[in-house]
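Features as listed in TrEMBL:
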TRANSMEM  A:25-46  transmembrane segment
TRANSMEM  A:58-74  transmembrane segment
TRANSMEM  A:104-125  transmembrane segment
TRANSMEM  A:170-191  transmembrane segment
TRANSMEM  A:223-245  transmembrane segment
TRANSMEM  A:251-272  transmembrane segment
TRANSMEM  A:302-322  transmembrane segment
Amino acid sequence: MTAQVRIVPDRLQTGFARFLRSWEALLIVVLVLIFLANSFASPYFLNVWNLSDATFNFTEKAMIAFAMAMLIIAGEIDLSVASIIALASTAMGIAMSAGFGTPVLVGVGLTVGLLCGAVNGFLVAGLKLPSIVVTIGTMSLFRGVSYIILGDEAFTGYPESFAFFGQGYVWWVVSFELVLFALLAVAFWALQHRSTFGRAVYAIGNNPTAALFSGIRVDRVRFILFLLTGLTSGIAAVCLTSRLGSTRPSIAAGMELEVVTMVVLGGVNILGGSGSIPGVVLAAFIMGMVTFGFGLLNVPGIVMSIFLGFLLIGVIAVPKLLRRK
Amino acid sequence: MQPVLSLRGISKSFPGVKALQNVQLDLYPGQVTALVGENGAGKSTIVKVLTGIYQPDGGSIAVDGAVTSFASPDAAAKAGVTAIHQETVLFDEMTVAENIWLGHAPRGRFGLIDLAAQRAGAERLLSSIGARLDPDLKLKELGIASKHLVAIARALSIEARVVIMDEPTAALSHKEIHELYELVDTLKAQGKAILFISHKFDEIFRIADRYTVFRDGQFVGEGVMADVTESQLVQMMVGRAVDQIFPTRAHNIGAEVLKVAGYAHPTEFEDIGFTLHRGEILGFYGLVGAGRSEVMQALFGITKPSKGACRIDGKIAVLRSTHDAIEAGIVYVPEDRGKQGAVKGLPIYQNVTLPSLGRTSRAGFLKMADEFALTRSYTRRLDLRAASLDQDVGLLSGGNQQKVVIAKWLATKPRVVILDEPTKGIDIGSKAAVHEFMAELAAEGLAVIMVSSEIPEVLGMSDRVIIMREGRIVREVAGDQMTPEALVRAAAGIEEAA
């Protein structure tokens, strides 16, 4: 309408200026502070083997947290992940009792995870039920099946080669779980931030109707997201079962809330629409370092959970309060 | 006369946008002040300042001459300012009486809500504005016009002195609009100061006493309606003379692209059949609820027709999802821009490329440079006004959001473009741009369907017009038969005097 052509620039801020104001930058500061506090508080903290051990505090949870982050960005949630671990672990126990070897056990764990994810995905995307209700339901259901099968019993006696997933080291202090965590972090980063699928996830989380009106196959994306949380829960089940060397029906009890905490601490909006995988990676390290540091100081577990609660609320509240001035 | 509410020097900025710069506004008791301006002029922002949702960066607000501030929506309500929004914010699952009294219900014993007093109060307020509504009905059982009445009753319940009406007639029928006018007269008689925001000039001249004009976030002028003409107001709004003539078009109508036959839906429409050609603009006229949007959404794969077939270039097209429709070359610019069109929260370029991600990616991975290139080419053509292409679409004005939605569809290289009320609620300048653009699309050989309830627009833009009533096509007119009378009669079901 005006005579001259208006040039609208692609971006106003450079990548670095954007980063400085980001949630991830804040998390890095928090992580450094916790790291410093820990190294002053205990002489045993700065020991590579101790630090390597500490990563087991978060690697399994974080594997699920990556998929959970995408699901929450899309405006859904999966509270059944810890129960999927219980069911997958139980299935692996049955397979082990039947005499199957390590490759089959891993296959069973991952398949059960995927199937549980497919059940959730069908109920949410196919039948259009709210995910919070569906997964509270399957949370009881999946673990309930485990309890029926196992009762007070436990599966023990997993083969020696199976121990590698939860106890093995790839190189020096670098455990298999840590490598898997890093690989999954990169894979999920690429999926969320560099793929068309990730873009669809953001669009659905911000406005599912407009996403549908833009030709996004909303229900298919939702279904795949539930498959992903199921699959990563299956992977976590393999690692955790291997690390513990046994399966009880109470395995991973309450882990779903720790996973959600990790995701929210990582800067993912619990209402959907925004968040990043690097944020979740940082949150995983923060939670792991806090747990480890308190462990070295012999702080009881309940105090740790109180501190994590404060940390979660604090990290979310402080920027809001500062902005309000 | 002293104004009830007086704003001076109000400024408000957002990242990259100066939404308001040093504006002023006065509202007088018993008078209707029309606030006019193009989209992006700052009308919505000033409403949010008045209702305490936004805090201005500078300037003063005075109530009865005493300077104050609206630190929260509650503070604004206490000062007697209340707004009836474009999309009225009420609670569907609550009753009429509960909606009216929510937050300040009369209390009885133990601090519990006094239901009898609440009901009686609701009846009294509703009858004071001449509304006959059962206070016990749930809100979801009411139409939009009735919801407006509830919102106004609610405004009166907090003893509002200033009532802001933000495009209150946008979704109302002819009859309902007249009832609203009467209501405004009632409120005036009660001494309320009314701020009336509308794009429709006939409305403004019918009910406003005074006017205030904003342009690009700045105050341009104010005065008494009696002293101003329509063209003077337009001049002030756009800062230049706008010719309101529709673009002249070369009517080069080509081969048939789309043929719909026997489309039906259990509840929404029946026996819909029509054809559409290259280079053609086909208008769909009818009253609100005639089923026009529903037919278009069936073509776009959202609602599923129970019967009928759709052919594109003679081949049957199966449209089971929006994805299928886009693949087939049919795109739809929805009426509800905020909910169905733009993905607010995502940047402009991500909105534009959303249906075209297949072309801006390789093996499922995004190529951002391609995304920006695609976005640039279409937003430039549409003269998009934004701070940058990675700005959140939600921060743009309505007209610019519409441009993003149109750019998004053009980037898919469609064959059939369906526009549903494309100029509803957008300003005159943007309107002319959209019209020109539609003409361009048709000239390039696209087939265009325009659903519109504005008769001048339908007649000015279309080659042919299909008129729908109660889910059926009742008439098709072209050439000399395209008269306002023909459209109105067919839409209302008045028999043709043969």
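Cβ from N, Cα, C; glycine included.
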Segment proximity, the transmembrane segment (A:251-272) to the transmembrane segment (A:170-191), 3 or more C-beta pairs under 8 Å: no
The transmembrane segment (A:58-74) touching the transmembrane segment (A:223-245) per 3+ Cβ pairs under 8 Å rule: yes
Tertiary contacts of the transmembrane segment (A:25-46), as residues 6+ beyond its ends and Cβ separation under 8 Å: 19, 265-267, 279, 282-283, 285-286, 289-290, 292-293, 296-297, 311, 315, 319
Same-chain residue ranges lying at least 6 outside the transmembrane segment (A:302-322) that approach it to Cβ under 8 Å: 23, 26-27, 30, 261, 264-265, 286-287, 290-291, 294-295
Cβ-Cβ under 8 Å with the transmembrane segment (A:58-74): same-chain residues at least 6 beyond its ends: 81, 131, 175, 177-178, 180-181, 184-185, 188, 191-192, 198, 201-202, 204-205, 221-222, 225-226, 228-229, 231-233, 235-236, 239-240, 243, 255, 258-260, 262-264, 266, 268-270, 272-277, 279-281, 283-285, 287-288, 291
For the transmembrane segment (A:251-272), sequence-distant contacts whose Cβ falls under 8 Å of one of its Cβ atoms, 6 or more beyond its ends: 23-24, 27, 58, 61-62, 64-65, 68-69, 72-83, 85-86, 89, 139, 204-206, 236-237, 240-241, 244, 279-284, 286-287, 308, 311-312, 315-316
